[in-house]
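K.L.:
If you look up TrEMBL, you'll see 815-888 marked as domain 'DYW'. The repeat 'PPR' annotation in TrEMBL covers 79-113, 180-214, 281-315, 316-350, 382-416, 483-517, 584-618.
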Amino acid sequence: MEGSLEQDTIACIHDDLMLLIQRCMEEKNSGLGVQLLKHIARSEVEKDPLLRKQLIIMFNSLDDLLEAIKDVSQLCKENVFSWDVIICSSLKLGQSEKVLELYHTMKELAVEPNYNILVAVLKACGNLGSKDMAMTAHMHAVQLGYDSDVFVNAAIIDTYCKFGLFNDARIIFNSMWEQQDVSWNALIIGYCHKGCLQDSLHSLQNMQKEGFCPARSIFWTLLSSCTNSTALELGKQLHANIIGSGFENDMRIYNGLINFYGKCDAIDDACVTFNRGQMQDVVTWNVLLTAHSQKGYFEEVFAIFQAMQNDDCQPDGITFGSLLTAYCNAEDLEKGKQLHSYILALGVGTHSFVGNNLLNMYIKCGTLQDAQTIFDSLPEQDVSSWNMMIKAYLEHELIEKALAALDGMQMCGIQPDHITFLPFVKVCSNILALEHGQHIHASIVKRGFDTQLAIINSLINMYGKCGKLEEAHLLFDKAPEKDILTWNALMTGYVSEGQGLAALRLYLQLEHAGIKPDKGTYFRAIRACTAVSALGLGKRIHEAVKEAGFSTEMSIINALVDMYAKCGSLKDAHRVFQESSNKDVVTWSSLISGYAEQSDYDTAVELFQEMQEEGVKPDGIAFLSLLAACAHKGLVIKGLFWLRQMRDHYEITEELQHYDCIVDLLGCRGLFDEAEDLLETIPFQYNVVGWLSLLGSCKTYTNLKVAKRCFDIINGVDTDHTTSYVLLSSVYTKAGMYREAEELEISRRDKELWKKTGQAYIEVDNHIHCFSADDETHPQTAGIHSKLELLNLQAKQQGLLNDGVYLDTIPPVVQQDLFCRHSEKLATVFGLMTVPRDAPIRVAKNLRICTDCHQAIKIISKIEHRDILVKDIDCIHIFSNGSCSCGDRHYQSNSCTNAH
């Protein structure tokens, strides 16, 4: 029948209506369903619960039936049964807003709801969080006399519990003339869903004391909540109750208990529960396998699988998933391949779940070719399959192949998700592939994934590592939400680019916002303090680290030792070092490096020997610190000795950094032939750093021939290397070749090769001040310049300008004014004005301190009788009474007498 009902249908009996409802569902005929509803609303047919139930089933079966009813009020009019069916059907269809809309319409038409409608309305209020509407419905129920109805009261209790109104829910429960199962269930589940497990378990016990027997579903709900909350002790109490109630052998609850103990890391309890069972199905075995696999008990996983087979229990996809995960984490490829053969023999290898787990195992075990074979053999590749292969390509740095796979999955009709793009961004970050990263970023924006927090964090990290800090900060500012990883990612970018001040500002902003730092945040903040020699702020962060409970973390200990050492406070570095119960080679190397930077070779060697006596084997970094100590003291023979010891005695392969350190040492001693021979014979190509180091040494000895050769070699590798132009220009200036120096500077500017801006930092009263050359932005600029002029005058009056300085190293225009306004001098003078006389002045420079500044600060230390520490990229200069701890390395041309 289609379109309309025949006249004789009006008189149909109850059974015929049931048949018509069935027909509507079979034919998916919504039009007939509407006609049928109209007929029922207007007829005198018996409207019993069975008919109601069948009509609600019809609504759930016909997706468009509710929309097909143009005017519900016109259809139902005053027929409460029809309102009941449509409202309860709307609730089952998840249309809570529709429920409340229909309820409002009923009230406007003055149609009184029945208890079914009120229960549906209360549940809809709970779903939508409509507390005021729920209270209105509650009052309506009281007015209609339904406050004594057990189902209405249960709905009120359940709804109030969802809003956290436990006192109100308890009052309603206690006011009931007689509590029944449904009321207890509502109270117990209400507590449970809000995480009040103790109250929920207490209510369960009271229910049992009142003589009620809880249904299996109550125990299951409680057990699930204990599992999700890993509430081990409460779960054990519940287990005892389950045993007393006779439900332990219920298969669902039995498996749930094993899963609960597994999730709570109580593996022994999981095994005891497993062994208490009268029988096990495949789910039981799977739960036990998963519990052991997640704990990393891989041998036990294999033994359980063997026992499962001995028990004639047929494994399924979940079984193999747990096993493959175990083999994957154990990186046991051979056993994994044996399992693969077994899977193929059973014929389940084509299942997507099993296939993806096989794929994951081969990827994690590092056999990309086998993974590719599995991927190609999958009958259906889903987004997870493609994501795993793309990630595998990227882990092997096969970026072009990964990009081709990204296009391939879309050609197959599978759209990438945000997980697809995460490894792309990560690998671009690791290998500094900015262009690829920008291309991926554009694809992310196009697909609308740029609001995903994990994506935002990865992009900030990528742009930061690639030196694009403006883009990174823009993403940070635009992020709709931020977690601690967002802050950490931006801090990493600033620290990596040497912008310690910006990183510390970000840390202080985070602190002010009340966001709790994690270990990574503190690590980055300490690194930032190191970059700008912010000793005071570093100490404050150290105290925060202690309060947060991270002071025993090895990475934090190492960062603190390094920070104190590089800030020139070896006393504090040694204190952190001594207080640490665990010291690894990085801890020792950080302290050795601290003494090396202060040119204390003897203490550095003592620590190196002591490290070995403590059973810590030196690595390449430890030797690099030792070689640096030799370089800072100009000890050529000892430097070569330690290089040979590293290779021959300790069997540590030399890295480029070790050779560059020796080149620096040879260059500083004027041994240019030996330095060039080393650079030309070491097994590394494109060693720009080494040739730059030698070019820098040429200035000290005015070696034009070698300087030009170094410049040509550097520019043969990198035609746009700014530093090579700057260094050769300084060699020309030292040689009095001012015209050639100016021509080189013009060439550099024409090529738009801009010098890195020199900046100096000084911390006063936990505030970090930054200075640039000729800086006039500081509030105390006038005072600083006035003090500089006074110092210049005092130096001239005391005859100090020519004391120990080689005027041929300085252009004539500044030979009589060593107090030009370079950043480190401005910071130093500001320190004289603000730092107490009994405290040393600590300045950090982002480049190497220049010759005239080095000489000027020596003079200042003598005039002012102050100790001044200047940390540059080379070492820590400790100026005192007119001399420097570096022994004027790089700042003189006379030969040193001690090369040992």
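Yeah, the Cβs are placed from backbone N, Cα and C, and that goes for glycine too.
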K.L.:
Where else in the chain does the repeat 'PPR' (382-416) make close Cβ contacts, counting only residues six or more beyond its ends and a cut-off under 8 Å?
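P.N.:
Answer is 352, 355-356, 359-360, 363, 368, 371-372, 375, 423-424, 426-428, 431, 433, 436, 443, 447.
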K.L.:
Can you name the far-off residues of the same chain, 6+ from the ends of the repeat 'PPR' (79-113), with a Cβ under 8 Å from a Cβ of it?
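P.N.:
Distant contacts of the repeat 'PPR' (79-113): 37, 40-42, 47, 52, 55-56, 59-60, 66, 69, 72-73, 120-121, 123-125, 127-128, 130, 133, 137, 140, 144.
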K.L.:
With a Cβ cut-off under 8 Å, give me the same-chain residues at least six positions beyond the ends of the repeat 'PPR' (483-517) that come close to it.
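P.N.:
Same-chain contacts beyond the ends: 453, 456-458, 460-461, 463-465, 467, 469, 472-473, 476, 524-525, 527-532, 534, 537, 541, 544, 548, 761, 768, 770, 844, 846.
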K.L.:
Using a Cβ cut-off of under 8 Å, list the residues of the same chain at least 6 residues beyond the repeat 'PPR' (180-214) that approach it.
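P.N.:
Answer is 150-151, 153-155, 157-158, 160-162, 164, 166, 169-170, 173, 221-222, 225-226, 229, 231, 234, 237-238, 241, 245.
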K.L.:
Going along the chain, which residues at least six beyond the ends of the repeat 'PPR' (584-618) come within the CB cut-off of under 8 Å?
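P.N.:
Answer is 554, 557-558, 561-562, 564-566, 568, 570, 573-574, 577, 624-626, 628-630, 632-633, 635, 638, 650, 652, 871, 875-876, 878, 885-887.
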K.L.:
Counting each residue once, how many in the repeat 'PPR' (281-315) are helix, strand and coil under DSSP?
P.N.:
26 helix, 0 strand, 9 coil
K.L.:
Where DSSP helix means H, G or I and strand means E or B, what are the helix, strand and coil counts for the repeat 'PPR' (382-416)?
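P.N.:
Secondary-structure composition of the repeat 'PPR' (382-416): 26 helix, 0 strand, 9 coil.
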K.L.:
Looking only at the repeat 'PPR' (483-517), what are its DSSP counts of helix, strand and coil residues?
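P.N.:
Result for the repeat 'PPR' (483-517), in helix, strand, coil order: 26 helix, 0 strand, 9 coil.
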